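Here is what TrEMBL records for this protein:
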DOMAIN    13-241  domain 'Amino acid transporter transmembrane'
TRANSMEM  26-45  transmembrane segment
TRANSMEM  65-86  transmembrane segment
TRANSMEM  106-130  transmembrane segment
TRANSMEM  159-179  transmembrane segment
TRANSMEM  185-203  transmembrane segment
TRANSMEM  215-235  transmembrane segment
Amino acid sequence: MVMLSGMSKHAPSRDYSLESAPSHRVFSAFTSISIIASIFGNGILPEIQATLAPPATGKMLKGLVMCYSVILVTFYSVSVSGYYVFGNKSSSNIINNFIPDIGPALAPTWILGGAVVCVLFQLLAIGLVYSQVAFEVMEKKSADPNRGMFSMRNLIPRIVLRSLYMGICGLLAAMLPFFGDINGIVGALGFIPLDFILPMLLYNMTYRPSKSSVMYWMNIAIMFVFTGVGLLGAFSSVRKLVLDADKFKLFSSDVVD
């Protein structure tokens, strides 16, 4: 759909130029790294799930191969083709680019509607997965361990609390339309440490490689480099959030990139 829009007679003009100030380009680069870590960090899910039951190694490898294959075919292809078609005006919500402010939509209504529905399903799935920790905390307080999981005593509070929690999360997301900026902060403070720092730390703590070995110092180097990347990414993402604050309006339909 993206490539067809690029070949349309109503296709937008393409501009691939970067920001003029070197400092702005550096900040934008670290913000982008943080956003990439957040959006494409799905590989951590099979890594965590594979360790729940032995044998972890085989299942983890299969899960990661499938995960990154799907990401390559879907997320990365859309990212690359989206930038190719829309240039530096590409929105953090790619669907917005198909509905320009001036001129007709670049895709049929039924395709855009289907894309929105697919995004909704994906967000619901992601929200449920990443909310499991919160659900665990709530249900430890509300559930009766002496009753069955699907007993009315435990089922009704679970449905009410989970629905209320997801409703509050959806309300906050609708109130704060800083899609790219918030993804950058989440990536810098959440996914970069989980993907690049914590695994190296745990490896050194678990297997205790010799301090004279290449593996030990390679892990230390990765931890050091990505700690800096995470800190710079957090700073640049917060900076962009502050700069974009003048565009903020509660429940705005225009997502701030």
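Cβ coordinates come from backbone N, Cα and C, glycine included.
Values in this document were obtained by computation on a predicted structure and should not be read as measured data.
Stretch with the most C-beta contacts under 8 angstroms to the transmembrane segment (65-86), considering only 26-45, 159-179, 185-203, 215-235: 26-45. The transmembrane segment (185-203) shares the most Cβ pairs under 8 Å with 215-235, out of the stretches 26-45, 159-179, 215-235.
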